[in-house]
Amino acid sequence: MDIEKAGSRREEEEPIVQKPKLDKGKGKAHVFAPPTNYSRIMEKHKQEKVSMPGWKRGVAIFDFVLRLIAAITAMAAAAKMATTEETLPFFTQFLQFSADYTDLPTLSSFVVVNSIVGGYLTLSLPFSIVCIIRPLAVPPRLFLILCDTAMMGLTMIAASASAAIVYLAHNGNSSSNWLPVCQQFGDFCQGTSGAVVASFIAAALLMVLVILSAFALKRST
């Protein structure tokens, strides 16, 4: 009795080991061995995991630099347009000839839009810093690409409309009896032209930011 109890107790204490099933036809066990290049595949996979945050962090740093330059450019365009005015030295008893951005609603809208875009780009810098710290994070980059696309569209619209007004101020339009005014208001036209060029540069930088964010999101999915 003691021998039987000891035997049963030993069977309970010993772990159960499943033996491989033998093929009755050939007398061989089915063993699933890893492929010969298994270690090479795993090493390559580890290297990809290590290198991915590196280039994504580089893209995020480049995004931060471009975002800062675009913010400065957009605010400079708004400031240049808002401070551009000219008053002719001659005047009559009832008239004084002057030119200011508030005389044209298109140029007023230009100042408002570029101010909004410059403010947005400044406020988006913390999100770009988050992308530098956490290069694999998707939500902040998705937020940036959506807002950058909207701001790029607004900047292009404002810059294109203002460019048409500046072109008419330089060359006029004989069919609609619009005379060129830049011969008299040369400083005003020069200032508005510089502001429009700066706004187009800001729009181009926003386009590059959208492409960078899209590339980073595509590689992370």
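Glycine is treated like the rest: Cβ placed from N, Cα and C.
Marked as region 'Disordered' by TrEMBL: 1-27.
Sequence annotations record features per position, and here TrEMBL assigns compositional bias 'Basic and acidic residues' to 1-12.
Taken from TrEMBL, the feature domain 'Casparian strip membrane protein' covers 57-204.
Taking Cβ pairs closer than 8 Å, the transmembrane segment (59-79) reaches residues 110-111, 114-115, 117-118, 121-122, 124-125, 128-129, 131-132, 135, 144, 155, 195-196, 198-199, 201-202, 205-206, 208-209, 212-213, 215-216 in its own chain, all 6 or more past its ends. Per TrEMBL, the feature transmembrane segment maps to 59-79 (among others).
TrEMBL lists 107-130 (among others) with the feature transmembrane segment. Counting only same-chain residues 6+ beyond the ends of the transmembrane segment (107-130), those with a CB under 8 A from a CB of the stretch are 60, 63-64, 67-68, 70-72, 74-75, 77-78, 81-82, 101, 137, 140, 143-144, 147-148, 151, 154-155, 157-159, 161-162, 165, 192, 195-196, 199, 202, 206.
For the transmembrane segment (142-169), same-chain residues at least 6 beyond its ends with a Cβ under 8 Å from one of its own Cβ atoms are 63, 74, 81, 104, 106-107, 109-110, 113-114, 116-117, 120-121, 124, 127-128, 131, 178, 180-182, 185, 189, 192-193, 195-196, 199-200, 202-203, 206-207, 209-210, 213-214, 217. Per TrEMBL, the feature transmembrane segment maps to 142-169 (among others).
Annotated transmembrane segment per TrEMBL: 195-217 (among others), in sequence order. Packing against the transmembrane segment (195-217) from elsewhere in the chain are residues 56, 59-60, 62-63, 66-67, 69-70, 73-74, 76-78, 80-81, 84, 110, 114, 117-118, 138, 141-142, 144-145, 148-149, 151-152, 155-156, 158-159, 162-163, 166: each is 6 or more residues past its ends and has a CB under 8 Å from a CB in it.
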